[in-house]
Amino acid sequence: MSQEKYIMAIDQGTTSSRAIIFNKKGEKVSSSQKEFTQIFPQAGWVEHNANEIWNSVQSVIAGAFIESGVKPNQIEAIGITNQRETTVVWDKKTGLPIYNAIVWQSRQTAPLAEQLKSQGYVEKFHEKTGLIIDAYFSATKVRWILDHVEGAQERAEKGELLFGTIDTWLVWKLTDGAAHVTDYSNAARTMLYNIKELKWDDEILEILNIPKAILPEVRSNSEIYGKTAPFHFYGGEVPISGMAGDQQAALFGQLAFEPGMVKNTYGTGSFIIMNTGEEMQLSENNLLTTIGYGINGKVYYALEGSIFIAGSAIQWLRDGLRMVENSPESEKYARDSHNNDEVYVVPAFTGLGAPYWNQNARGSVFGLTRGTSKEDFIKATLQSIAYQVRDIIDTMQMDTQTAIQVLKVDGGAAMNNFLMQFQADILGIDIARAKNLETTALGAAFLAGLSVGYWKDLDELKLLNETGELFEPSMNESRKEQLYKGWKKAVKATQVFAEVDD
């Protein structure tokens, strides 16, 4: 074992950081995970302490080495994947953040987003960035920090501050400030990057008054960005050579290299991405156009639908309502429910994502009767995840005029067999669950390994992550459509309830 080589993936997520060591077969050799604090300064605000994130990453790197006995000099390369859009602004000299990281879920910049919309910028931003104007993306978060931290705008203009999404922050820390870089997939989520021209957009920067000096350099998803400073990697100087936002990394880890391939990751939120090839395709139905990945001098675009609440709805059942002891238990309860699926939960806790984009909507429940049981409620919560996925798959098919035949799935909630079967039923297509559910980390490892020759090419990768289980639809058409119609009514009613009174 002494001289076998490995790839390390650092997967910095919304609630925890992980380091995973993979071997040449794409198998997990060891992993380490550490949760960190979620900060909620006000209703709807979500923040993280960027230093705590960095500490958690250092801790899991150590943990992965300890668990496996692998030495730092056996790591051929490091791949990074991260929660996207989450925004850090820090002091170039001290390396200290000037404010907490504002998390992708946070709605604290919603008034800024509304202001941009009312000023008539929707079309312009969509054409340039592929995104809709929303507090979800980094642009308004950067503006908010520069507005709310005393002297920040002035310091930014003087070039004393740096901005980055979490990938940028981690590379900057790991290289001890030698590299201030991001990749196509993360840059595409800032709402500051022109995805057609592949550059920071001067006009948008001017509209938001964000100084260009604070922005990182944008690079491809598979190349050497820098090397670890030995004192941050237990004596090792290892190339950091692959980087992608978590959802794009999962697309790559699912081996969705062909246009028309679609994957869904059931994480905290649920994110459905379709590879649309080298042509940028703007959605007419409120999906996001983004960059899937850029590799070997080519850029592959993607359509994406974001669902804000998926796995976190199960966490809510566990922590908020205390209906289940642990997440897997939700499957048992759902199977014990014998109602006729007339209960609908719309988990719009932080608004509705694609294709509705209603940031004022809040969670609601419909169809309760005196006979409704805890089991029925848990089942309806699981079903809400599948209904939201159907909303997006239907929209993708409209946008691209293609019939999606199979959905590749991964992420924590993809382990729930009840949910996967109901997903197949309500979509009427096959659900292919990856054998290796670590597709996000695997994608980052693949990108890193390719750029240093650890794996030769995409064909070699295709042998490494086959389908683990296939779920085929078994519900008849009229029942499927009747259930989905009920969901559409529930969403409509939720939006009516959220309307602002005159």
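Any Cβ shown, glycine's included, is placed from N, Cα and C.
It should be emphasised that the depicted structure is a prediction, and the values quoted were computed from it without experimental measurement.
As given in Swiss-Prot:
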type    : residues                                            : note
BINDING : Thr14, Thr15, Ser16, Thr268, Gly311, Gln315, Gly412 : ATP binding site
BINDING : Thr14, Arg84, Glu85, Tyr136, Asp246                 : sn-glycerol 3-phosphate binding site
BINDING : Thr14, Arg18, Thr268, Gly311, Gly412, Asn416        : ADP binding site
BINDING : Arg84, Glu85, Tyr136, Asp246, Gln247                : glycerol binding site
MOD_RES : His232                                              : phosphohistidine
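Mapped onto this structure are the features recorded in Swiss-Prot.
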| residue | record | CB count, 10 Å |
| --- | --- | --- |
| Thr15 | ATP binding site | 16 |
| Ser16 | ATP binding site | 14 |
| Arg84 | sn-glycerol 3-phosphate binding site | 27 |
| Glu85 | sn-glycerol 3-phosphate binding site | 26 |
| His232 | phosphohistidine | 16 |
| Thr268 | ATP binding site | 23 |
| Gly311 | ATP binding site | 22 |
| Gln315 | ATP binding site | 16 |
| Gly412 | ATP binding site | 17 |
| Asn416 | ADP binding site | 21 |
Measuring Cα to Cα, tell me the gap between Gly311 (ATP binding site) and Glu85 (sn-glycerol 3-phosphate binding site) in whole angstrom.
19
Please report the DSSP secondary structure of His232 (phosphohistidine), reduced to three states.
helix
Pairwise CA distance, Thr15 (ATP binding site) versus His232 (phosphohistidine), rounded so that it is a whole Å:
23
Please identify which of Thr14, Gln247 has the densest Cβ environment, defined as other Cβ atoms within 10 Å, among these binding-site residues.
Gln247
Enumerate the residues of the same chain, Thr14, Arg84, Glu85, Tyr136, Asp246 excluded, that satisfy the criterion Cβ within 8 A of the mean position of the Cβ atoms of the recorded sn-glycerol 3-phosphate site; list them in sequence order.
Asn82, Gln83, Thr86, Val103, Trp104, Gln105, Arg189, Gly245, Gln247, Gly269
For the recorded glycerol site formed by Arg84, Glu85, Tyr136, Asp246, Gln247, name the remaining residues of the chain with Cβ within 8 Å of the site's Cβ center, in chain order.
Gln83, Thr86, Trp104, Arg189, Gly245, Phe271, Ser306
Hey, which of the binding-site residues Arg18, Tyr136, Asp246 is the loneliest by Cβ count within 10 Å?
Arg18
For Arg18 (ADP binding site) and Gly412 (ATP binding site), the CA-to-CA distance in whole Å is 14
Based on Cα distances to Arg84 (sn-glycerol 3-phosphate binding site), point out the closest of the recorded positions His232, Gln247, Gly412, Asn416.
Gln247
Expressed in Å to no decimal places, the gap between the Cα atoms of Thr14 (ATP binding site) and Asp246 (sn-glycerol 3-phosphate binding site) is 10
